[in-house]
Amino acid sequence: MNRILSSASLLSNVSMPRQNKHKITKALCYAIIVASIGSIQFGYHLSELNAPQQVLSCSEFDIPMEGYPYDRTWLGKRGYKQCIPLNDEQIGIVTSVFCIGGILGSYFATSLANIYGRKFSSLINCTLNIVGSLIIFNSNSYRGLIIGRILVGISCGSLIVIIPLFIKEVAPSGWEGLLGSMTQICIRLGVLLTQGIALPLTDSYRWRWILFGSFLIAVLNFFMWFIVDESPKWLLAHGRVTDAKLSLCKLRGVTFDEAAQEIQDWQLQIESGDPLIEPTTTNSISGSNSLWKYLRDRTNVKSRHVITVLLFGQQFCGINSIVLYGTKIISQLYPQHAIRINFFISMVNVLVTILVSLLIHSLPRKPLLMTSTVLVSVTAFIMGIAMNHNKMNLLIVFSFIYMGVFTMGLNPLPFIIMREVSKPQDMVLAQRYGTICNWVGTFIIAYTFPIIHDVLSGYVFIIFAIIACSISAFIWKKVPETKRSG
């Protein structure tokens, strides 16, 4: 899914630091890499069922070794079924319940991280990911797949909120945006990694090993976290001044006195009423600082309207139909190379994300978002026509273009604009609301697409094109330019 993340707002600040006040140390690089592996886990789970879903669900049988029965393989000898019978609706449910877990995880993530710390919360989520991944790998039933997908969804939904908090808090002044962009890039890398592993393993004998890959990543991430220091800002916010200084010394490579000076600056920030870490909002439905109060506040109507349309609309343009079901879509016209083509589409996604991360800070929001949305509408329409008329080459070319033009604007900008149209005191609740909208939109597409596509075929992309066209009109009339000059 693509976008789900309130953390994408960090892309708005991507720029090279004006001065090398703080160098990037090996310890800091290691901490950023370890944290970013959580984003890779998110991308991996988001698309892990894309390539193998046909052989997983007994819809197709691809036997890699003729004359060698499955019962004689390592998996077959240990009682793992060759496939799990699933219809289109069940495939949609197994894919989409990841989003249910994601909503739960992202909703409570900030509270978890503020109480237990960024490091310990990440360890909890890695543990949950390990358990969920093992359940998915070992599952011989529809129910087992659902349970595992919900668990990894909770883990990934939480990680995708905690990771940007950690990176923002450990990054030296001037580097926050550049390092923060790692979240989005690593999500795309996770998707690419899944498709790369799927190239040799998508057949009726070995598809489970694709699912096992997420277990290995989670285990690696879990043990790597033990060498990472806790966020010094979180430590200071909890009164652990000495620990904060030591953490800052290790991460930044500064002396104890230099760390003490920066800690003193942070303490002055706290005393001035400016929160050092992202505040926790009330988790109750009807509390004084709750999401329900935000939804009822009439002063937020215009900004909330913009957030709702952009964050739902981002998903209803259909991009996750490619991320979640791209192999099945392309295989209808080009079955021999569908997985390979999907891999290269994911590679384009990574490259465009890196380019956008470097340039987006210098471009105005509204024209870029308009351009991206209009091009998404045009390319989705052409993809629909190509599918309906069996134009294989046209479908492949415009699948690449569709992914590229979405990534250049409609992917990151709704999250950036979400922050910029909100009042400062409502920003945390606005992010939470927007993230929920995005998760719900992803759930709807993940669940309904295989069912609707089975009935409408290419016409489903024409529907996406009409929705994207409508969103373009909304952006033109209702969305303000939020980028400040300078």
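Cβ from N, Cα, C; glycine included.
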Recorded membrane side (Swiss-Prot) equal for Thr73 and Ile396: yes
Dominant neighbour of the transmembrane segment (179-199) in 120-140, 209-229, 343-363, 397-417, 455-475, by Cβ pairs under 8 Å: 343-363
Segment-segment contact (the transmembrane segment (147-167); the transmembrane segment (455-475)) at 3 or more Cβ pairs under 8 Å: no
The transmembrane segment (306-326) versus listed stretches 120-140, 343-363, 433-453: most Cβ pairs under 8 Å: 433-453
The topological domain 'Mitochondrial intermembrane' (327-342) - residue tally per DSSP class, helix then strand then coil: 13 helix, 0 strand, 3 coil
Stretch-level contact, the transmembrane segment (343-363) and the transmembrane segment (397-417), CB cutoff 8 A, at least 3 pairs: yes
Stretch with greatest number of CB pairs under 8 Å, the transmembrane segment (367-387) reference, 91-111, 209-229, 433-453, 455-475 candidates: 455-475
Cβ contacts under 8 Å made by the topological domain 'Mitochondrial intermembrane' (48-90) with residues that lie 6+ beyond its boundaries: 138-142, 145, 194-195, 198, 201-208, 210-211, 213-214, 323-328, 331, 339, 342, 450-451, 454
Cβ-based contact of the transmembrane segment (27-47) with the transmembrane segment (209-229), 3 or more pairs under 8 Å: yes
